[in-house]
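Trainee: Below: one structure in C-alpha cells.
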Amino acid sequence: MDLQQLSQLFASTFSPDPNVQKMAEIQIRKLGGQEGLITNVLQIVGNDNVDLATRQAAAVYLKNRVYSSYFVDTSPRPDQVPIPPSDRNNLKASVLPLIAASPNRAITVQLAGALKNVVARDFPENWPNLVDEVKKLLASSNIREVHAGCVTALEMVRAFRFRQNNDILPKLVEAFFPILVNIATQALSNPPAGTNQEVPTLLHLILKTYSTSIILQLSAHQQSSESLVPWGRLLFQVVNLQIPKDAVPEDEDERERSEWWKAKKWAYKILGRLFHRFGNPSQLPSSLQQDYGAFAQHFVTSFAPEIFKVYLQQTELYVSGQAWLSKKCQYRIFTFFTECVKPKSTWALLKPHVQNLVQSYIYPQLSFTPAKQEQWETDPIEFVRTSVDEYEVFDSPVSAATSFLFSVASNRTKTAFLPILGFINQVLQAKPAAPQRYGALNMTAALGPFIMRHPDVKGNMEQFVLQHVIPEFSTPEPYMRAVACEVLGTMIKAGLKFSQEQHLHAAFTAVAQCIDDAELPVRVHACLALTEMVTDTETVKNAVAPQVGKVIQTLLKLSEETDLDILNHCMEAMVETYQTELLPVAADLTARLCETYVRLARESQSADETDSHGIDLDSIMESTDNEDKIFAAMGVAKTIATVVNAVDSSPEILAQVQEIIIPIVKMTLEAKLLDLFDNMYDLVDSLTYKLRSISPNMWPIFELTYKLFKSDAVDFLDEMLPSLDNFVSFGGDVFKQRPDYRQMVLDIYQTSITSDHLGENDAVNGCKLAESMLLNLRGSIDDALQPIIATALPVMDKAETNALRLANLNVLVNAILYNPAAALHILDQAGPGVARKFFDKWFAAINVEARLPRVHDKKLSIVALCALMELDPASIPESVKEGWPGIVSGALKLFQEYPKAVQARKELEEAFHAESDDDDDDDDSKLLNLNEDEEDVWDEDSAYVEMLANEGQRLREKSERQAAGEDVSDDEVEEDIEEELGYISPLDTVHPYVTFKQALTAFQMKNGPGYQLATTSLSPDLQTFLMEVMRLADEPAVAAPAA
C-alpha cells in the first residue's frame, strides 16, 4: 500500500463516523504484519506535508505496535505478528532524527514510548552504537537535537530503571550524566526570561532522567563527589531559582503545570529521594548498609543540613508571601521535613522550628481556605472525599502537612506534642473567625488517636468537646458543623467516654440533627459520627434503634449520591449492630444495594473500555479513571456480605436474599469484571455455606465458574475454591445425576496440577477440590478414581513445597479411603514399584510428626488405614503384602499424636476468638514515643521497611542462584502448615477410635495371620498403647466425634 492510502487510513481512525473509524482500524490491523509497513509509518510521522492529527495517529500506532510485537516470545498470541528485521533496522535508524524533528510534544511522547521498548529489547547487543549517537546529539549546537538527546537518555534510563543487579544502568549513568549536568548548568547560567520553554524543558528532562535512575539504586559514580557535587549544586540552584512572573502563566493551575515548575518539582523530588532511600543512616535497612552505609553517613552530615536550610528558607518565603510555591513542591518540602523527625541529627535541626512550622504552615493548610470554600460549593462530594481521607490526593500539601503532624506527635511526643496542643487551645480560646476555628478543630481531628492515648491529655478531652466542639453545631457556617461531627466521631472512636448522661445526650442530639442537614458534607460526617456512637455506646444504640430504618435509607441515599466507600463501612456497622431490627427489610435493603453495585460495576466497565488504548505499563499505571468506581463497587459488595451474615439466623430470609444476589454475581462473571471476582466468590461461598444447599439458580454460577477457569480466570482458583468446595459438599445429589458437572470438577483439578500457567499454590487448591470430590461423592465418581490417581502420582516427586507434598499425599490417601481395593489395583497397574513407593512416602510422613501436622491430616490417614485393615486379603497386591502388618503400627503412631493435634486446634480456636474480642489499640507505645531521650527513632514503620528490604534482597539472591543453575530450596523459609479453622468435611462426624476398633476386629476376622503378625510385631510400648486406644473407643465421651 502506498503512503497516500496509508495516510488516509490513519486519518480515518479519528473520523466522527464510528463505522469509518472501525473499518480503518481493522484495515490497519490487517496490514500490520506486512514488511515495510513500519517503514512507511515512520515516513508519515516525519512528513511535514501530512497534517498533524494524521501524523499523531501514525505515531500512536507505531508505539503500540512496537510495544506488542517488537519482541514476540516462543508462544505468541494469535494477534501477535512480529515486526520484520528490515523494519526494525529502519526504526532504529529513523527514530532519533524523528524525535529531533518532532513538531509537537504529543508526537514526541509516542516516539519516545516506542524508543523505550526498542531499547529494552535491543540495547546494547543489537544497538551497540546508540550511546555514541546520543552523545553526538547532546553535543550538538542545535537545541532540538540536544532536546532529542535528552529525551533518548531519559528513555534509555527508563528502560532499565527496574532491573536489579545489571551493569547497563550504571554504565549509562557514567556515560551521560556528566554531560547532562553540564548542559543543565549552562542552561541556568542566564536568568529565566520570557515565555521561551526550551531551557525549562531541557531542565525538566534532565532532572527527570536523574530521578528515574535512582528509583532502586544509586550507582558508584553517583555516590562519588565527582558526580554528587555538581548535581547537588545544580539541584540547589534549581530549588533557589526565582522565576519571574512573565516566564510562567498567571493562572496557578497552569503555572503548576509549566515546565519551570516541573523542573523545580523534579529537583525537590531528587533531593528527597537521595535522603529517604540512600542518605539516612538511622533508617537505612541492614541489607543496604554495605552498598550505601558510607554514602549515608556522608550525606546526612554534609548534604542533609544544607537541604534543610534551603527548604526552610523556601517555606519562610512562601508563608510570608514573598514567593510562590507549587503544591507539588510544598508536598516535597514537608515530606522531607517528615523524614527529618526520626534521625537524631536531623531532628536537632528541625526541633527549634517545629512550633513555627505548625503555626505558620500546617495550621493555615488545615484551615478553611477560599479554595476549600469553592470546592464545598462546586463539588461537595470531592470535598468530602478529600476531607475524610487526607491521602485521597496523596501528593498534596494537606496530606504532607498531616503526615508531618502525625510523625511529630508519634515520634517526638515528649518534646513537641504538648506545645502543638497548646497552640490549638490558644487558637480556640481566642475565638477567631470560623475558618480559623475550623483549622484548629481539623488539627484536633487529625491528632485524635494520639490525643486519646496521651496520659496527660486524654482526661481533659470531655471538657474540650463540651467547650469547643458541641457549640459549633449551632453555628451558621455548615463546614463548622461538619468538622464538629468529625472531631466528635474521631474522639469517640479513640476511646472518649462521657462522664454524665446529659453530656452524651447533648452530643447525640447534635449529631442526629445533622443527619438531615441541607449540606451534603455535613450529612456524611454526621453519619460517620453516629456510627461511632452507635457501636460504642449502648444508650445511643437503643436510642437509634426505632429510627434505624431511616438512618439506613439516609446512608443508602448518600452512598448512591457520592459513591464514597467510607459510607459502606457505616452501613456494615449499622447492619451488624441492628441485625434483628433489619430482618424484615433485609430483602429490600439487599435489592437497593445490588442496584447500586450494578450501576458502579457497569460504570467501571465503561471507563475500562474507554481506557483500553493505554496498553503500555506507564499508561496503565497512570490510568485511574475507573479505580474509584471499582473500589466503591467492592465496598457495596462487602456491605451485601454483611447483610448476608446478619440474616443467617433466618434461613427463609437468607434464601430470599440469595435469589436477589445471584443476578449480580452472574452479571459480574459474564462481564469478566476480574477486579470484582474476589467479592463475588466471597458472596457465593457465604450463601452456599450458610444455607448448606445449592439452589437451582446457583448452578449456572458453577457452570460460569468452570468456563471462566478454562479461559480468562485460570489464575482465580484461590478465590473460586471455597465456592467450588461448597458446590461439591452441598450439591452432591445434583453431581450424582450430572456426569458433565463431575467432569468439570475433575478437569479443574487436573488443570491445576498440569497447567504451565499455574503455580504450586494453585495445585494445592486443586488437591483440596479433589479431596472434596472423593470425600463427598463416595460411590458416585468411580470413573474419576483412575485419572485422579494418575494425576497425583507424578507430583510425589515434582512437588517443591511442603504444602503441595501434603495436599497431594492427602489426595492419594483419599483415593485409598474412597475404594481401597480399586485404588490399590490402579496403583499396582501404574508401573512396577509404584504402589510400594506410595506406601513408603505415606509411612515416611506418618513417622515424622510435622509431616501430617493438622487434625484432618491425621484423622484422614487413620480412617484410610482402617479401611485397609478391613480389606479382603485377596485384594492386597503382592508388591505391598510384605509391609501390610505395618498399617496397625502406623495407625497407633498417629493416635499417639492425635490428642495433641486436637488440643492445639482447640487452643488456636480459643486464641482466634480472644483476638477478635481484644482491642489491640490499647498499647499507647505503638503510637506515642514518651521517652525523654532524643536518639534515633526506630518504630514499626522502620521495621516494616527493613523487612521489605531484606526480603527483596533474599529473593534477588535466590533468583541469582537459580539463574546460575544452583538448587534452591525453600525449606528453610517455608512457613508451617497451620490448621484451617473454617474447614469442614464428612470426616468431622467420624469417630477415629471407634472406627479403629471396628477395623481391627474386621482385620482379625478377615485376615487372621496378618492380624497376628501386625499385633505381635508391635513394641511393648505400642502394645500397651493399643489397649489404651481400645479402651478409649469404649468410653462414652467418644460417642461424640473427636475434633
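Going from the start of the chain as shown, residues are counted 1 onward.
Cβ atoms here come from the backbone N, Cα and C positions, even for glycine.
Whatever TrEMBL says is automated annotation, not expert-curated.
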Trainee: Looking at the candidate ranges 15-34, 275-294, 955-974, report the one that TrEMBL labels region 'Disordered'.
Mentor: 955-974
Trainee: I'm validating the feature mapping. Which of 604-625, 912-933 is tagged region 'Disordered' in TrEMBL?
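Mentor: Range annotated as region 'Disordered' by TrEMBL: 912-933.
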Trainee: What is the three-state DSSP composition of the domain 'Importin N-terminal' (24-101), stated as helix, strand and coil residue counts?
Mentor: 52 helix, 0 strand, 26 coil
Trainee: With DSSP as the reference, give the number of residues of the compositional bias 'Basic and acidic residues' (955-964) in helix, strand and coil.
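Mentor: Here the numbers are 9 helix, 0 strand, 1 coil.
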Trainee: Restricting attention to the domain 'Importin N-terminal' (24-101), give the mean pLDDT.
Mentor: 89
